[in-house]
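As written in TrEMBL, here are the features:
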type: TRANSMEM; residues: A:34-64; note: transmembrane segment
type: TRANSMEM; residues: A:84-106; note: transmembrane segment
type: TRANSMEM; residues: A:118-137; note: transmembrane segment
type: TRANSMEM; residues: A:143-163; note: transmembrane segment
type: TRANSMEM; residues: A:170-192; note: transmembrane segment
type: TRANSMEM; residues: A:262-290; note: transmembrane segment
type: TRANSMEM; residues: A:296-318; note: transmembrane segment
type: TRANSMEM; residues: A:330-349; note: transmembrane segment
Amino acid sequence: MAVIERDPAPPTSAAPGAHSVIVRARLLRRSRTVGVTLVLAAIAFALFVGTMMIGSFTVTPWQVVRATFGFESDGGINYVVRDLRLPTAATALAVGLAMGLSGIIFQRLLSNPLASPDFVGVSSGASFFAVGSIVMLNFQGELVSVAALVGALLAALLVYVLAWRDGITGYRFILIGIGVSQFFLAGSGYVLSRADVYNAREAMTWLVGAVGQAGDTELRVLLVSLAVVLPVVFVLSRQLSALELGDDTAKALGARVELMRVSLMLTAVVLIALATATAGPMAFVALIAGPIAARLVGSGSSALLAAAFVGAIIVLTADLVAQHALPSQLPTGVITGAIGAPYLIWLLVSVNREGRGG
Amino acid sequence: MTDLEIPPPVAPETRHHDLRARGLTLGYGGVDIVHSLDLDVPDGKVTVIVGANGCGKSTLLRGLVRLLKPRAGTVELDGRPLKDWNSTEIARIMGLLPQNPVAPDGITVADLVGRGRYPHQGWFRRWSAEDDEAVEVALAATHTTELADRTLAELSGGQRQRVWIAMVLAQDTDLVLLDEPTTFLDISHQVDLLDLLDELNTAHGKTVVMVLHDLNLACRYAQHIVAMKEGHIIAQGSPTEIITAEVVHEVFGLPCQVVPDPVTGTPLVVPLGRHRP
């Protein structure tokens with residue numbers, strides 16, 4: 001009987017210097033992530049300063065920076081920068097950061113590019129409660145933020161509970177999220193139809209999203225919570241890289257899967273809720289920031305911070321376009337919607353083509 | 001076969017462990033799948049769990065690594081029930097390759113393997129030279145070093161499975177459990193993979209527990225076979241002792257002859273079938 005010897009496995013492993021190659025590749029990946037993130041941060045800062053320069057009265061970048069940080073002595077410039085333009089610019093920056101971060105956390109947690117909080121009902125829950133509190137309860141200021149936060153948490157809880165079946169899968173979560181989203185949108189529509197003209201106008205902001213009308217209190221709440229949540233997110237990002245491997249592998253690696261998933265989702269929900277409470281839903285920012293950032297920093301790197309900056313860049317740019325580039329001023333959300341909708345269509349088509357709908 | 005230089009494992013001597021199930025009942029929803037089962041996993045050996053589809057072998061494996069909570073009974077590691085262990089501590093002793101592991105889009109091999117280091121990293125300590133070394137050893141042991149910079153999606157099925165095993169190896173555990181690691185591989189890659197696992201056992205001293213479908217490969221690679229049927233263990237022991245025509249008939253309902261494998265002398269199951277006697 002003929003015995004055919006199997007080919008020996010190629011002796012490629014443990015080649016001399018293999019160690020340094022792997023370490024070098026890892027360092028290279030990390031320096032790309034750091035480099036890209038720094039460039040994105042610089043662009044976001046440039047746009048932040050840029051939006052405060054332009055207008056009926058032009059200010060130099062240096063004056064903007066000095067006035068922003070309180071070193072400008074000229075009262076006129078101080079007034080234009082600090083009182084007129086800084087609130088809008090700071091809102092755009094903070095809302096963009098929060099939405100970008102929230103979006104990528106959802107997307108990575110549910111392993112699906114469609115799973116952004118504005119897609120799965122969290123934003124619309126926040127909108128519905130904000131609109132409802134304005135129209136039905138005459139809420140103002142921080143009470144609207146609180147209502148939006150409650151709405152977002154309730155929406156997230158509802159989706160989580162309905163989608164939970166021995167764990168969470170991205171596909172089921174998204175489908176149920178879309179249903180919940182429609183439910184809250186319908187609710188917002190109903191509430192608006194019952195509102196008087198003045199309230200309806202104010203509540204309209206909550207359906208489209210605009211950085212211009214943000215109240216001081218909401219902005220301050222958002223800035224403080226960003227300062228609190230950002231460090232938490234970076235501590236939790238290690239958990240995210242285990243959870244991404246699926247519940248079984250994550251558990252086998254020793255991660256406390258349910259606890260960590262709920263914590264991460266909670267931080268993401270708080271971020272999107274406060275951002276929505278400040279500037280309205282702002283279509284598609286959370287959806288597109290993450291994938292863009294991931295593409296820029298390269299595969300397998302933590303794109304969390306990069307996604308936050310991409311979010312800020314999108315909102316700041318949309319605000320610039322909405323305020324200055326068009327014949328009449330538009331709400332910021334209209335511009336982000338116009339950028340985001342084609343992306344969404346492309347995403348749906350390409351996801352479908354690759355046959356990984358879930 | 002040329003001598004492959006396999007670097008020594010990161011932890012120089014493998015510690016001995018005692019993994020056992022006592023009166024273990026496991027199930028999903030309202031249905032019990034494994035019934036009041038006792039099992040001692042032999043330390044330092046390759047154990048293979050075999051049985052027909054739905055006999056509870058994967059469920060048992062999941063129960064052994066605490067992916068499923070016991071309905072009744074316990075799983076004990078070194079004399080202590082798993083529920084009394086810290087989950088990170090267990091993850092430094094037992095690693096698992098699930099049946100259908102998932103990876104994020106676009107992840108590279110080196111990154112994926114590096115994630116096996118999770119239980120060795122604290123909340124704030126990120127990456128150390130020790131982690132680099134463990135990843136390097138894991139890649140070398142699975143012959144995937146040259147794939148390190150590729151993305152998982154680019155790899156063939158056999159390569160991908162090796163990379164997953166590398167991730168479990170980077171976890172640097174003394175026990176390695178695998179749920180049907182050869183599914184979706186052709187026969188040549190199945191043998192490659194089992195050779196690799198055998199190597200982990202002999203060269204690195206790991207205790208290996210896996211679920212396999214192919215009885216003949218199980219007989220060849222296992223030092224200890226656990227044959228299950230309907231949530232019970234029908235027979236266990238060395239392949240030569242327990243794989244007989246009677247046992248195969250009882251476990252799989254398959255009439256067969258058992259002859260010695262011409263290469264290794266281990267039992268070779270030759271099915272009779274109904275129409276070609």
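Cβ from N, Cα, C; glycine included.
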Handout entry: Interface present between the transmembrane segment (A:34-64) and the transmembrane segment (A:296-318) (three or more C-beta pairs under 8 A)
Key = yes
Fill in the blank from the handout: Checking A:34-64, A:84-106, A:118-137, A:143-163, A:262-290 against the transmembrane segment (A:170-192) for Cβ pairs under 8 Å, the most are found for A:118-137
Practice task
Please indicate, using numbers and ranges, the residues of the same chain that are 6 or more beyond the transmembrane segment (A:143-163) and have a C-beta under 8 Å from a C-beta there.
Solution key: 117, 120-130, 132-134, 137, 169, 172-173, 176-177, 180-181, 184, 215, 217-218, 221, 262, 265, 269-270, 272-274, 276-278
Completion exercise
Outside the transmembrane segment (A:84-106), at least 6 residues beyond either end, the same-chain residues with a Cβ under 8 Å of its Cβ set are 44, 48, 51-52, 55, 67-68, 115-118, 120, 211-212, 214, 216, 219, 222-223, 226, 229-230, 233, 240, 264-265, 267-269, 271-272, 274-275, 278-279, 282, 285-290, 293-294, 303-304, 307-316, 318-319, 332
Problem - Tertiary contacts of the transmembrane segment (A:118-137) (same chain, 6+ residues out, Cβ under 8 Å) - result: 99, 103, 106, 143-144, 147-156, 158-159, 173-174, 176-181, 183-185, 187-188, 191-192, 194-195, 199-200, 202-203, 206-207, 269, 272-273, 276-277, 280-287
Problem - Remote residues contacting the transmembrane segment (A:262-290) - C-beta distance under 8 A, at least 6 residues beyond either end - result: 91-92, 94-96, 98-109, 113-114, 116-119, 122-124, 126-127, 130, 144-145, 147-149, 151-153, 156, 160, 205-211, 214-215, 218-219, 221-222, 225-226, 229, 232-233, 236, 239-240, 243, 303, 307-308, 310-311, 314-315, 331-333, 336-337, 339-341, 343-344
